[in-house]
Structures are given as structure tokens and as C-alpha cells.
Amino acid sequence: MHLSLSHQWSSWTVLLLLVSNLLLWENTASAMRAKLLNVHNYTSYGDTWNQAIKISQDMNQYISDLSTHVKIFYAQGRGFERRTTRCHTSSLSSPENKEQAQQFQLEVLLGLSHSLLQAWLNPLHHLWAEMCDRLGSTPPTLYKALMLKESNIKLLDAIKNIAKKGNFEINEKANYTAWSELGFLQSPNRDTRYFAFYNLFHCLKKDSNNVEMYLKLLKCRLIRSKC
């Protein structure tokens with residue numbers, strides 16, 4: 001009996017030591033990453049990422065709702081999905097999946113997220129007004145369009161905050177083709193006008209989904225180390 005109890009106590013001691021060492025290693029790793037990122041409060045920095053990702057997710061929900069609305073009421077049966085178009089952000093070299101994004105440096109990927117959002121400032125500024133004037137959208141739909149515009153601005157600010165806290169440099173004058181589709185949104189030709197709205201949401205959805213993917217991947221690489 002004495003040997004059995006001694007053996008149990010020995011096992012518990014080893015287990016406690018392992019847990020203690022694991023916690024110590026995690027704290028040390030967090031401190032090292034915090035020092036590397038030049039941030040004083042690593043937990044707060046993680047919260048900043050969480051807030052940015054939440055804004056991105058909300059933004060994508062607004063886009064999904066509005067895109068579905070346009071498809072059902074203005075694009076259905078018109079064959080818009082068979083047309084080939086080029087998005088105004090196509091000049092930005094954007095990875096389209098996690099495997100491609102993994103090949104980009106952290107600072108580059110964060111800067112790309114900023115550039116994509118910045119490229120949509122002008123289109124989203126006009127979108128909600130044109131949905132009212134050209135589509136006769138109802139207040140609930142217009143509210144989502146307005147919230148979409150505001151979410152884009154908030155997410156840009158969140159990314160700037162992340163860059164500032166993490167000592168990243170972001171190029172705020174990214175080289176992308178200026179958006180020039182306003183005339184098509186305002187076209188007196190119904191088919192041209194409807195396709196312009198359809199294509200805007202097609203491009204916006206792709207870019208915004210990519211931004212959310214980039215932010216999640218960046219947080220994973222910076223905060224958790226393994227992805």
C-alpha cells in the first residue's frame with residue numbers, strides 16, 4: 001500500500017510539473033511574440049484582432065444580404081452570370097485561398113487588406129444613394145447599404161490600429177485602378193444599370209471575403225504561431 005501511494009504521489013508530481021512547464025512556456029512564448037511585435041499588452045493586441053475580424057464578418061453579412069437582394073429582384077433570368085468582367089481591384093495581386101496567402105509576408109498581407117478596403121471607399125459612398133435613386137430600394141435595404149459603408153470605414157480604422165500597435169508599415173497610397181462604374185449605375189438603360197449593381201456586388205463579395213480570410217490567417221500566425 002505504501003508503494004502504491006508513493007507511486008500515485010509521484011505521478012501527480014510529474015503531471016503538475018508538466019502543466020506548470022507548459023503554462024510557463026506559453027507565457028514566455030506570448031511575451032516573446034509581444035516583444036517581437038513591439039506591443040506591451042499581448043492580450044489587448046489579440047482583442048484588437050478579434051474586433052477587426054468581427055467587423056469584417058458583419059460586413060460580409062451585409063454584402064451577402066444585399067447581393068442576394070440584387071440577384072433575386074434585378075438579375076434573375078438576365079444571364080448576368082455568363083458575362084465576363086474585370087473588377088477595379090484586379091490590379092492588386094490578391095491571393096485567393098489560404099495556401100496562396102500563406103506565401104505572403106505578414107506586413108504585405110495586412111497592407112493588401114488595407115488596400116482592398118480603401119479601393120471600395122468611393123464605390124460604397126455612392127452605392128446606398130444609387131440603390132435609393134436607381135433601384136427604389138426600401139429603408140431596410142438602404143440601411144444595410146449604409147451600414148456596409150460604415151463597416152468598411154471602421155475596418156480600415158481597425159487595420160490602421162493593428163498596424164500601429166504591431167509596428168507594421170502600411171502603404172496608404174496603393175496602386176489600383178480607380179473605380180469608374182458610377183455612370184453605369186446611373187444608366188437610363190435598365191439592363192446596363194442592373195448589371196452594374198450585380199457586378200459591383202460580385203467584385204465586392206470576392207474582395208471582402210478575401211479580407212476576412214487574410215485577417216484570420218494573420219491573427220493565427222501572429223497570436224497562435226501555428227495555423
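Glycine residues also receive a Cβ, built from the backbone N, Cα and C atoms like all the rest.
C203 (disulfide bond) carries a helical DSSP state (H, G or I). Annotated disulfide bond per Swiss-Prot: C87-C203 (among others), in sequence order.
DSSP assigns C220 (disulfide bond) to a helix. Under the heading disulfide bond, Swiss-Prot lists C220-C227 (among others), citing similarity to another entry as support.
As annotated by Swiss-Prot, N-linked glycosylation site applies to N41 (among others).
Under DSSP, N175 (N-linked glycosylation site) is assigned to coil, being neither helix nor strand in the three-state scheme. Listed in sequence order, S91 are the same-chain residues at least 6 apart in sequence whose CB falls under 8 Å from the CB of N175 (N-linked glycosylation site). Under the heading N-linked glycosylation site, Swiss-Prot lists N175 (among others).
Under the heading signal peptide, Swiss-Prot lists 1-31, citing sequence analysis as support.
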- Which of C87, C203, C220, the listed disulfide-bonded residues, has fewest other Cβ atoms within 10 Å: C220
- Query: For C220 (disulfide bond) and C203 (disulfide bond), what Cα-Cα distance in Å is obtained after rounding to a whole number?
  - Reply: 26
